[in-house]
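Okay, structure first, notes after.
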Amino acid sequence: MDVIVKHLIGATLSLALLALTNPGVAAEREAGGSRHTDRLIIKLHDTQGDKRTALNHDRVSRLSGLAGITLTPHRRMSGRAEVVRLPAHYTIDTVKTFAASIAEDPDVDYVEPDYIRYPMATPDDTHYDEQWHLHDVTDDSEPGSANLEKAWDITTGSASVVTAVLDTGLLPHTDIVADGNINDGDDRVVPGYDFVDYDDFVSDDTSANDGDGRDTDPTDPGDWVTNAESSDAESSLFGCFVADSSWHGTHVAGTIAADSDNNSGVAGVDWVGKLLPVRVLGKCGGYNSDITDGMRWAAGLSVPGVPDNANPAKVLNLSLGGYGDCSTTEQNTIDAVTAAGAVVVVAAGNDAWDVSISAPANCNDVIAVAAVDRAGGLASYSNYGTLIDIAAPGGDTNEILSTLDGGTTTANNDNSYLGYVGTSMATPHVAGVAALMFAIDPTLLPSEVETILTSTARTFPLGTGSAGGDCHTPLCGEGILDAHQALIYTRDKPLIAPLADHTITSGDNLNIPISVDYSGTTAPIIVAAGQPTNALFSAGGNGSATITLNSNETNNDSSYNVIVIATDGDDHSLVDYERFTITVENAAPILTTLSNRNASAGTMLEFTVTASDVDGSNPRLTVSDLPLGATYDDNHDGSANFNWTPGSDQGGSHEIIFTATDRSNNALIDRQTITVTVSNTSSGSSGGGGGSLGLLPLFVFLAMLSRRLKVR
């Protein structure tokens, strides 16, 4: 593939920008991005019912009084917060003082400076005619590359995966959009949005630079800063570094998704996936309030006053940042975005200091990316530290070649290619590989993407560091991005079919089939743990297994937390697991059917009552409404004896209730009621009692006998 390389035209786009001040504060020029702002973000407590509390005129006046300055409402933003303007630009430390005073109001949830963030790129005019950063590590001897060539044999992406580039906007470069139109949505670029807010604080210039505020056109109008703008104390660009337009977003977008394998231009990491341009940076950077709104919108969350995004992104690329702690607004936004299923990939920064003071790379639950050079050593400019997750090719003396434009102010639309270096260039390599991972497994969670990327990263080579020195894990993350290994892990990970929870009653049998999908050459190893001790686990050799349970032998009223683990047969580091529960509920005992009985006064009635329980235990046998003189003895072996000799005054019907109760659960019972009918005449049966003749026949018999004796 032919690659056209141009020298970078113009001055450096610096990431070390100044802090603008009001006329009473001396201007500062410090590394790490701007330490000034003219805005605050204020979040009020929600009222009852989670309704939004309005920042009305009275509240603004009250908060202005607390701060000792005039606050002007600017706009609502996502996350139920509000942006307010300060009367001028102040240092961050001064703005924090205002914020501390405002925070004393009991209606305020939090208040913080609306920090300004900047692109994390340093242009270099050295050109190269090949993209070493995408090449094979071994075959091409490129220890600092992302190792993509073999990864593309696994997948080149999926059109269902969207990657958002939150940056300076996008140019209609024909190696990204073949028809040269980024807004028609008929190619790989889906409709984006411009979140750079119109700066109406001054009338002579705006950071938006496109003549309007938020709209549906994310085209990059250029971010050049002239000497006159930087020197004008009344301008919002006062103190900004003089620079030509960077076309930073177009360069980042090309690394992720330039049209590939088309015999033209450069290749991107993701050949098939969709690209979502979200403009959040203008001249001299961008406000946190714009960036965080753009993040929420990109992930499919609603933003006040902005139409919902019809193409939510799975990956958010933030090749931007600045000095300071992770703000509450940034962390809340990242929490919401990751909860929505999107991965946030952030440049570590180009200040050669610890990333702990570079936001948003120092926020929780982002993938913070450091830069390595072509040899795999830490790039001389790259930030470092324990908060770095992974390193990727960002270049140093060797650039990262991608799509750009030769215009120094407005675009020439010359579809050129230029080399940049920076953590901004390292970040889209990671974002692109994350998109390839989603192409294989769209169900991945953001945390799983990070785990796979870091666990498959290559060990840093020794003796290769430039001015930044050798990389090692505490310094530069878990290793260098390895696209091939990350996709192998994603692809070959055995997948256990979902296992449902099971609830059975004691006495039932249970058979649970387990199925594991795998793509390796060797069947996965399947094991289970936590099942009842008497359960039989059997694993086949074809990705299947079975758990069989006879609950007669299992503890009743018990719940078992079972985990099934499938390990790849070829690579034991690839593991999937499923959790489910088996609940065995106790069954009630069962009384043997009882029938009604007949009895006679004076004759013993006796019979045996029996009951059983499917779990093999002996129920407790009791009786209610036992007649006077009757006995009922539980033998504790599932039987009980009933004995009763009715008296002469107990004739008639007697209802007797027999109950069998589970000995481990009094609520589990079986109950039967029988009727015993007692007569005062002998039934003549052995079971009915003694055969009494009655009194009247006896008197007649004795009288006749007496008469017969007298006759003799």
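Placed from the backbone N, Cα and C atoms, the Cβ positions cover glycine too.
Asp167 (active site, charge relay system) falls within a strand segment according to DSSP. The active site, charge relay system annotation in TrEMBL covers Asp167 (among others).
Using a 10 Å Cβ-Cβ cutoff, His248 (active site, charge relay system) registers 28 neighbours. DSSP gives His248 (active site, charge relay system) a helix state. According to TrEMBL, the active site, charge relay system annotation covers His248 (among others).
Under the DSSP three-state reduction, Ser424 (active site, charge relay system) is assigned to helix. Per TrEMBL, active site, charge relay system is recorded for Ser424 (among others).
This prediction places the mean pLDDT of the domain 'Peptidase S8/S53' (160-458) at 92. The domain 'Peptidase S8/S53' annotation in TrEMBL covers 160-458.
Residues or ranges marked as signal peptide by TrEMBL: 1-26.
In sequence order, Pro119, His248, Gly249, Val252, Ala253, Pro277, Val278, Arg279, Val280, Leu281, Asn317, Ser319, Leu320 are the residues near Asp167 (active site, charge relay system), counting only same-chain partners six or more apart with C-beta under 8 A.
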